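Annotated features in TrEMBL:
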type	residues	note
TRANSMEM	50-72	transmembrane segment
TRANSMEM	84-106	transmembrane segment
TRANSMEM	127-146	transmembrane segment
TRANSMEM	179-198	transmembrane segment
TRANSMEM	210-229	transmembrane segment
TRANSMEM	249-269	transmembrane segment
TRANSMEM	290-314	transmembrane segment
TRANSMEM	344-365	transmembrane segment
TRANSMEM	403-425	transmembrane segment
TRANSMEM	431-450	transmembrane segment
TRANSMEM	462-486	transmembrane segment
TRANSMEM	498-517	transmembrane segment
Amino acid sequence: MAEEGQRGGYSRLAGDEEVATASGGGGGDYDERKLRLLGYEPQLKRNLSLLSNFAVSFSIVSVLTGITTLFGTGLQFGGPATMVYGWPIAGAMTLVVGLAMAEICSAYPTSGGLYFWSARLCSHRRWGPFASWLTGWFNIVGQWAVTTSVDFSLAQLIQVIILLSTGGNNGGGYMASKYVVIAFHAAILLSHAAINSLPITWLSFFGQFAAAWNMLGVFVLMIAVPTVATERASAKFVFTHFNTENNAGIHSNFYIFVLGLLMSQYTLTGYDASAHMTEETKNADRNGPIGIISAIGISIIVGWGYILGITFAVKDIPYLLSPDNDAGGYAIAEVFYLAFKSRYGSGIGGIICLGIIAVAIYFCGMSSVTSNSRMAYAFSRDGAMPLSSVWHKVNKHEVPINAVWLSALISLCMALPSLGSLVAFQAMVSIATIGLYVAYALPILFRVTLARKHFVPGPFNLGRCGVAVGWAAVLWVATITVLFSLPVSYPVTKDTLNYTPVAVGGLFLLVLSSWLLSARHWFKGPITNLDG
């Protein structure tokens with residue numbers, strides 16, 4: 001790895017102004033010329049349209065995945081009011097973060113994304129390599145944690161679907177053991193790695209299909225479930241009821257509301273995928289940024305509709321959260337099951353609805369592996385990973401095949417702690433939200449501070465608002481980092497402690513110590529792979 005890091009320093013083939021003003025007006029030649037100005041020889045097949053780029057991020061954000069997985073958390077901490085009003089609040093601030101990222105993406109459209117941005121934005125200072133190292137490792141570990149979390153949540157949903165299909169928790173249904181769940185998880189990852197080994201044209205098709213499935217699935221569920229339910233919540237309940245009965249020893253309304261925001265913020269992550277796919281996207285300096293913004297904006301609208309529709313089918317919150325119900329405490333599954341059972345005497349319709357969600361989560365995990373592999377490909381291309389020369393190899397279909405299987409393997413390993421302790425597993429996947437947002441915030445921070453005077457925006461830019469939007473984004477990430485590190489239950493014990501700050505702090509110490517002890521001697525930031 002050290003030798004690879006020495007073969008070339010950070011590409012200074014072109015300054016920001018030359019890159020930003022690269023002539024051509026779009027098209028393949030323009031994209032390839034701009035990539036070469038940034039220091040890289042094109043190796044990946046550039047076959048993605050704006051729609052395909054958007055579809056990857058939209059499928060990873062996947063409102064069906066995030067909201068379904070943490071619907072119980074939203075009900076427990078604040079209930080309808082927290083979800084209905086917390087979603088647009090988190091959504092608006094996420095859009096601010098996305099706008100700041102999109103502006104930088106337009107200036108530097110490479111698969112490396114965030115870590116390349118940090119290096120470039122700090123290139124006028126000596127901090128470039130360290131900024132790149134820190135951002136890159138937070139980004140890639142956060143992405144692996146997202147894939148782990150998504151595919152494990154699918155394995156758990158399959159567990160619930162089997163339970164309900166065999167009679168339910170109160171009817172002698174089969175509850176899969178933790179070992180069966182981890183086997184589900186492994187099988188899902190194996191299939192995702194296999195799909196991601198296919199040519200990019202296939203991934204483009206699957207990505208667009210996934211985006212359509214997510215969109216249609218939301219509309220079907222938000223209309224069907226409350227329509228089928230024989231008893232529906234009132235508009236007053238949906239828009240004003242604030243649940244304070246959380247059994248967590250927390251009584252402050254503000255504190256409860258903050259914890260309920262986790263559902264929204266966890267869902268609205270992963271849109272950096274549009275940046276990681278830019279070397280495979282046509283007109284990347286325009287379509288990459290638009291992919292980021294459109295994925296966030298459409299997810300906000302569609303997600304809010306989904307929350308409203310499902311919440312109208314919610315009646316008895318304590319029962320939905322009870323581990324003694326038919327779904328074993330999986331709140332949204334119980335909502336679907338009861339809605340159809342009350343109308344038709346059977347919950348089979350609710351199980352079919354859960355199947356719609358399961359397909360959406362499956363595609364979310366598939367797109368996550370796609371994004372992971374492109375980040376691993378780019379990071380190893382710059383010599384930042386152990387055995388870097390292995391991970392950035394591409395096959396005859398111009399797919400980074402080794403990076404694909406590496407990402408799947410690491411995501412499997414990150415789920416193994418669930419066999420010993422769910423607390424340890426939850427600590428690891430907490431990096432999926434906070435760790436990833438730290439990686440989002442770092443290049444934005446460098447853009448509004450160290451690079452404020454010399455940053456040259458690309459075709460997509462925020463004009464005079466760029467610095468203000470950037471600072472708002474950084475402050476929001478700082479705020480949620482603190483809020484989501486607070487205890488989620490009192491009294492605090494080893495079983496109820498929020499291990500998020502431990503996990504994120506541990507990651508920071510590992511990255512920092514590896515830099516001080518080794519990487520600072522050989523890692524010089526992104527390196528050119530251009531001949532000569």
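Glycine is treated like the rest: Cβ placed from N, Cα and C.
Remember, TrEMBL labels are computer predictions, not curated facts.
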Is it the case that the transmembrane segment (431-450) and the transmembrane segment (290-314) touch, counting contact as three or more CB pairs under 8 Å in which the residues of each pair are 6 or more positions apart?
no
List, by number or range, the same-chain residues at least 6 past the transmembrane segment (210-229) whose CB is under 8 A from its CB atoms?
54-55, 58-59, 62-64, 298, 302-303, 305-306, 308-310, 312-313, 335-336, 338-340, 342-344, 349, 353, 356-357, 359-360, 363-364, 366-367
Contact ranking winner - 127-146, 179-198, 249-269, 290-314, 498-517 against the transmembrane segment (344-365), Cβ under 8 Å
179-198
With contact taken as 3 or more Cβ pairs under 8 angstroms (pairs 6 or more apart in sequence), are the transmembrane segment (50-72) and the transmembrane segment (498-517) in contact?
no
Verify whether three or more Cβ pairs under 8 angstroms connect the transmembrane segment (403-425) with the transmembrane segment (462-486), leaving out any pair fewer than 6 apart in sequence.
no
Does the transmembrane segment (127-146) reach the transmembrane segment (498-517), going by 3 or more CB pairs under 8 Å (6 or more apart in sequence)?
yes
Counting only CB pairs under 8 A, let me know which of 179-198, 249-269, 403-425, 498-517 has the most with the transmembrane segment (290-314).
249-269
What same-chain residues lie close to the transmembrane segment (498-517): Cβ under 8 Å, and 6 or more beyond its ends?
130, 133-134, 137-138, 141, 423-424, 426-428, 430-431, 434-435, 438, 481, 484-488, 523
For the transmembrane segment (403-425), distant same-chain residues with Cβ under 8 A (at least six beyond the ends)
143-145, 147-148, 151-152, 178-179, 181-182, 185-186, 189-190, 192-193, 196-197, 369, 372-374, 376-377, 380, 391-392, 494-495, 497, 499
